[in-house]
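Trainee: Residues or ranges marked as compositional bias 'Low complexity' by TrEMBL: A:9-23. Per TrEMBL, domain 'ABC transmembrane type-1' is recorded for A:100-288. Here TrEMBL flags A:334-585 as domain 'ABC transporter'. Sequence annotations record features per position, and here TrEMBL assigns region 'Disordered' to A:1-23. If you look up TrEMBL, you'll see A:39-60, A:104-127, A:139-159, A:165-182, A:213-239 marked as transmembrane segment.
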Amino acid sequence: MSLLSDGGPAAAAAPSSSVAPTAVPPRAGVARRFLRKPVAVASVAWLLLVAVLAAAAPLLTSASPTASSITNALAPFGGDSPLGTDGLGRDVLAQLLYGARTSLVGALIVVAVALVLGLPAGVLAGYYRGRFDAAASWVANLVMAQPAIIILLVVLAQFGRSTELAMLVFGVVIAPGVFRLVRASIIAVRGELYVDAARVAGLSDPRIMRRHVLPVVVAPTIIQMSQVLGIAIVLQAGLEFIGLGSANQASWGGMLNDAFAKIYAAPNLLLLPGLAIVVTVTACSLVGNGLRDVLGVGATPPVRRRSAVRAVGPVVEDGRPSSGTAPAPDDALLRVEGLRVAYPEPDGGEGEVVHGVSLTIRRGEVHGLVGESGSGKSQTAFAVLGLLPPQAHTSATTLTFDGGDLRGISRRGMNQLRGRRIGYIPQEPMSNLDPSFRIGSQLTEPMRHHLGLSKAEAKAKAIQLLDRVGIVDPARVFDSYPHQISGGMAQRVLIAGALSCDPDLLIADEPTTALDVTVQAEVLDLVRDLQAERDLGVLLVTHDFGVVADLCDTVTVMRAGEVVESAAAAQLFADPQHEYTRSLLAATLEGGPARAALTTPAGGTR
Amino acid sequence: MTAPLLEIEDVVVEYPLRGFRQAPARVLHGISLDILPGETVGLVGESGSGKTTLGRAVLGLAPVTGGEIRFRGERISGIGTKARRALSRDIQVVFQDPYSSLNPAMTVADILTEPLVVAGASRADADRRVRDLLDEVHLPQDAGQRLPREFSGGQRQRIAIARALSRDPAVIVCDEPVSALDLSTQSRVLDLFIEIQERTGVAYLFITHDLSVVRHISHRVAVMHRGELVETGDAAQVTSDPRHSYTRTLLLAAPVPDPARQAARREERHRLAAARA
């Protein structure tokens, strides 16, 4: 077998040719993906058109945009002026073309100033932190706190009307936005291990910045700049409209000003400059959106972390009958047969991740559900809890809890069971406590809701529970926030929470994986004691056969969405039936020989 | 007697805390440890024990405020960035998280050639070396053209190992390199580490929380607890007959995949805890 099969024994069973890295479609170029977006392409085309027309204005019209002739005011379309003239007899077409120049140049000034000031400062502050960061952030905050329009008015009052000056000042005002975005992106990437790895690899700081840090900033900055471009055009038009633009320069805002003065005589004069502004600004915004989609900024988070599951009722339907499943005993607390979970795929079909899983848990039984990552064990547990994401499609031939059918149960009915009769212990204790509420209120709320206890009764019971799960100073922890306690304590708190409404079934998803071994041992002891004390049924999802051996009465082994073996724990460890179970047990290092002490150094370097 | 390759002597690491005249937080309280050429020293401890900080101190990523670290007899703690960069040839790293330790925007070939190109290798030499490296970590030759996200966790960790090997280092700091991997993947990656060591004679400082991992790969084991070294010895001795009570606690806390033996182990742990109370 090839050593490549890091897919584990799952892959080992398959022919070794299929074991090579999963074929993933080749990287589509950013440009090519962008070209597949018609709206974004049309927007870019519009902006390019505006730019070309603005640049070629002298070639397209011989009329001067500023030369007025009172005798020729408000001329209609056609003739010498194809689009007519305005209230002062100025050629509308020429004004539009030269006005586009003013708009684009002004907007580019804003972008250039904002980038020149914000980008390097953001990069240095984010990468080196320290005093420069403190000073630069202070200045940025100060500038951001100023009202932009008042600064603009003051500057223009002081130095005279000038569109360029106004845009320059606006660039300075908007630079802190760039600074903060760049700084935040860099701080985020600075903490990535690959930047540390690059330092260990001997790369110099400028090189690390160029190769690993700056590329991260490019996408958000480009997107931000496309938005700034639009904002600058609107702001500039606004200033010109109120008469603060350069005096002897055609502009879209100035055209609006003139059209506004003649709104009764020639209302259609508003149309063209208005359209020019609206379409151009919209195009800027749409280009930004297109870039964001293509560059994947703010897109789906990394797949590794399980996204927060929303509580919805299980959308369980009758599944296809699975043949040959033995009838489960009558004292079953939880009975699952033929459970299937599928997710919609981009091509319109469905990808099934759990293929007809069956398991039964009796009252007082601890049932281990074991498998490697991707085996579908957590999906199975979440399907029982009705906590799969809404797009998941779940079906089963049987899914009963204490005799009641869970298939097609209402959201309300499921909420009555969850927390009340089915407790849940999650993998990551910290991310399952809300950081903005005290432990006490998070513990008492379900009790007050489900059991109808008064505030005082709920508090008394919560403190009693905290004491029971081995928390030394329960009253203090009751009043603490989650960040004030350790991970082990947080897991105890969650166990207390899972038990608070005296459930019959406890579903624990890798409850000790995030904990240190010594803490893990204590938490396992706690779960064992509580289970015996309350005769709980437990579904324990884990990848660790040590945890299974410690706690479980029965075990179900899963691989790639299917059950490969289900047996009593003692029997499974003593005499595993399935090849896959055997290979998993063989992979444990525990009990293997220790490596001998080094006698002669291996290899050449001595 | 072989001269140690890496000598860690009485190393203290402190981080300044916020606030005026606030005493700094001391993470390591004077750690001393040697690593011989071609040797694996396993560093075990729980979270917050300072084991990762010690690894980062060796790599020059954590501030050594007391004691010193020597490599081939020369001091390498508290040296300038230029001298530090020169050490990149000899001291390398494999991090725990195979997801964030590879730049997602670079192809595997770019990731592997980067250290070589920095060291002044020509493009052609670097490309040739990539082929050898992929071979050494048992990845297919066409892996070079792909992006890290196209690989599984175990394969990414092989890429990270190949990057560490690219300039034939004398020692690699391995910070929990198999902790994020599935069990069966874990044992294969560990075997790769051993295979590479036997062929090249590289030394490992192997940081992990898992005693069975450390037992499998280490010649010697050092146990850390709250910033101090509590026990050092041969792998077999430390992991089966520990002298220090903390090591014993650690050993008994790890569950074994055998219900009968685990029950016995649990009994013993409870007895030990009761005896201490």
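Any Cβ shown, glycine's included, is placed from N, Cα and C.
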Trainee: Counting Cβ pairs under 8 Å that are 6 or more apart in sequence, does the total for the transmembrane segment (A:213-239) and the transmembrane segment (A:104-127) reach three or more?
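Mentor: Result for the transmembrane segment (A:213-239) with the transmembrane segment (A:104-127) is yes.
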Trainee: Among A:104-127, A:139-159, A:165-182, which stretch has the most Cβ pairs under 8 Å to the transmembrane segment (A:39-60)?
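Mentor: Going through each listed stretch, the top one turns out to be A:104-127.
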Trainee: Express the predicted model's confidence over the domain 'ABC transporter' (A:334-585) as a mean pLDDT, rounded to an integer.
Mentor: 88
Trainee: Near the transmembrane segment (A:104-127), which residues from the same chain, at least 6 beyond its ends, have a CB less than 8 A from one of its CBs?
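Mentor: For the transmembrane segment (A:104-127), the far contacts come to 50-51, 54, 133, 136-137, 140, 163-164, 166-168, 170-172, 174-187, 190, 205, 209, 213-214, 217, 221, 225, 228-229, 232-233, 236.
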